[in-house]
Structure formats: C-alpha cells, structure tokens
Amino acid sequence: MQYFLLLAQFIFLISLSNCVVHKMSIARRETLREELYRLGKIREYAKLLTQTRLTGESSEGTVQHVTDFHDFAYFGNITLGDPQQQFLVVLDTGSSSLWVPDTSCGSNSFLSTSACRHKHRYNSKTSKTYRKDGRFFSIRYGTGSAMGFLGFDTLCFWGTSLCVKNQTFGQATMLASFFARQSIDGILGLGFPLRTADAALPPFINAVQQGLVEKPIFTVYLEHHGPGSYPNGGIFTYGGEDPENCGDVIKWQPLTRAAYWQFKLDGIEVKNVHFRDNWEAISDTGSSFIGGPAIIIEKIAAVS
C-alpha cells in the first residue's frame with residue numbers, strides 16, 4: 001500500500017479507500033506564551049520552568065525543551081458517547097491516538113489533580129454507546145505523558161455529520177503537569193497506526209474503513225491572524241480537498257515512512273542562502289515551530 005503527503009496550503013492526505021466530505025471549523029486561542037508576554041510574566045515563567053527541570057518535579061521528563069513555548073494554538077471540538085459529551089482537542093498529525101480525561105482523572109495524586117481540574121472529563125456511566133476495553137494505555141509526548149485505560153464509544157467531529165462508531169480512545173486518569181497549563185482537554189491523533197500506543201485504528205482511518213468519507217484524504221487549512229484568540233482559525237476537511245481555501249496547484253510528495261507524515265526534504269533556502277542535504281522531515285499540526293539539527297539551525301539564524 002502506498003502513502004503520499006500532499007503539500008499545498010497545509011494539506012495532508014492519506015491513501016487508503018471509499019460518501020461524504022465533512023468540513024470542521026477550528027479555533028485559534030491565545031497561547032500561554034502570548035498571554036505571559038501580554039501580562040509581562042514571561043521571564044518569571046521561564047525561570048519557573050528552568051527550576052522545574054533542574055529539580056526534577058515532573059517524573060515524565062522533558063524530551064524537547066523547545067516545546068516550553070506552549071504554542072498549542074489551533075483546536076477543534078469533538079464529542080464522545082450518546083448523549084454527546086463535548087471535548088476540545090488538538091488535531092495532531094504528529095500522533096495517532098485519541099484520548100480525553102476520564103472522570104477518575106486526578107483521584108490518585110495532587111499533581112494529576114492540578115492537570116485535570118479545569119478540563120471536561122468523560123463519564124462512561126452516562127453513555128449508552130460505551131463499551132469497556134480494559135487495556136492500559138500510556139502515551140509520551142515531548143512535553144509529558146498521558147496514561148489511563150481504553151474504551152470504545154461513538155466519536156463525532158463537531159459541526160459535521162461525521163460520526164465514527166466503536167472508536168477506541170484513551171480515558172486518561174493521569175496527565176503530566178504540562179497539560180494543566182493548556183486549555184485543551186485532550187488530543188486526537190491524525191497519524192498512522194504505527195504511532196498509536198494501543199494498536200488501535202486512528203480515528204480518521206477508522207472513518208475511511210467504515211466508508212464514512214467520500215475520499216481517503218483530509219485537508220488542513222490554518223488561518224494566520226497573529227497574536228490573540230480567534231473563533232475562526234481554519235478548517236479541517238475530511239474526505240476531500242478544500243478548494244475554497246487552497247490553491248489549484250497540488251504537489252504530490254511520496255512519504256518515506258508511514259508512521260509520521262514523513263517525506264524527503266531536498267533543501268532549504270533563506271535569503272538566497274541554500275542548504276542542501278538528504279534530510280527527512282515531518283509535517284506536524286500539533287507543533288508550531290520548525291526544528292532541525294542544531295548546526296543547520298545556527299546557520300539559518302546567522303543569515304536571518
């Protein structure tokens with residue numbers, strides 16, 4: 001089976017199989033970094049983060065310090081269960097699992113309580129379509145981890161008619177302290193099955209296999225407004241292209257690994273300075289930065 005990545009105005013595709021195109025609006029919220037700058041507390045917060053890393057407050061550790069900028073900025077709403085329970089999630093092509101906080105999240109420790117306190121929590125007892133799985137799940141991100149147990153329920157993408165029955169999802173009982181500082185409830189992964197922590201089908205691939213979308217592709221359009229919060233942050237289109245927001249020119253790029261949305265990067269040009277090598281890159285809607293080897297980034301910074 002072949003996989004391709006479509007790069008045109010933040011478009012991502014998945015080659016699987018066949019009837020409807022669903023458009024889902026997303027919102028941009030003021031990031032934690034923007035809020036701290038606005039309040040004049042960015043230096044104080046940076047000092048706190050440094051102390052946290054030095055004292056080892058978090059048992060999960062920090063894999064990528066750059067993620068301390070906390071720029072999870074584009075969110076979408078989903079629902080789980082019947083009657084529907086609504087959650088605000090990051091739509092993340094850099095991971096593949098779906099999880100939200102469970103009602104039991106935070107019952108075991110003060111740290112997890114602080115991370116779950118102001119979030120919407122899933123209650124399986126009120127859902128008529130819930131089925132228990134029982135397996136344990138643990139997902140580690142660069143910013144921390146989420147862990148708990150798995151269940152099945154109906155997933156709906158807010159504002160669309162796209163509902164995926166029997167979707168495996170994580171019911172998080174513990175969250176890293178990082179998530180306490182974010183306004184999201186959970187994460188919905190749009191990556192490949194190899195990236196799931198539980199060998200479950202990612203939500204969109206599950207929708208494709210259930211024949212719920214017209215084409216086995218999804219399109220991501222992100223609007224740029226600058227600092228602040230905006231109710232109209234862009235559109236995710238499931239099952240088709242987005243001709244209203246994306247151009248007519250479509251460039252197909254073969255994926256080099258069907259785990260991340262990973263492809264070959266021939267080179268980079270900054271102010272007429274060219275950098276060329278046999279690089280591999282990933283396209284990740286859950287990240288807001290462009291990263292790379294330090295030796296290359298330092299050269300780019302020198303000419304920027």
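Here the Cβ of each residue, glycine as well, is placed from N, Cα and C on the backbone.
Where the annotation comes from TrEMBL, it is an automatic prediction and has not been curated.
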Per TrEMBL, cysteine bonded by disulfide to Cys116 (from Cys105, Cys156):
Cys105
Could you check the active-site residues Asp92, Asp284 and say which one's CB has the most other CB atoms within 10 Å?
Asp92
What is the pLDDT of the domain 'Peptidase A1' (74-304) when averaged and given as a whole number?
86
According to DSSP, folded down to helix, strand and coil, what is Asp284 (active site)?
coil
Can you give me the Cα-Cα distance between Cys116 (disulfide bond) and Asp284 (active site) in Å, rounded to a whole number?
25
Can you count the other CB atoms that lie within 10 A of the CB of Cys116 (disulfide bond)?
24
Distance from Cys105 (disulfide bond) back to Asp284 (active site), taken between C-alpha atoms, in Å:
27
Sort Cys116 (disulfide bond) into helix, strand or coil using the DSSP assignment.
helix
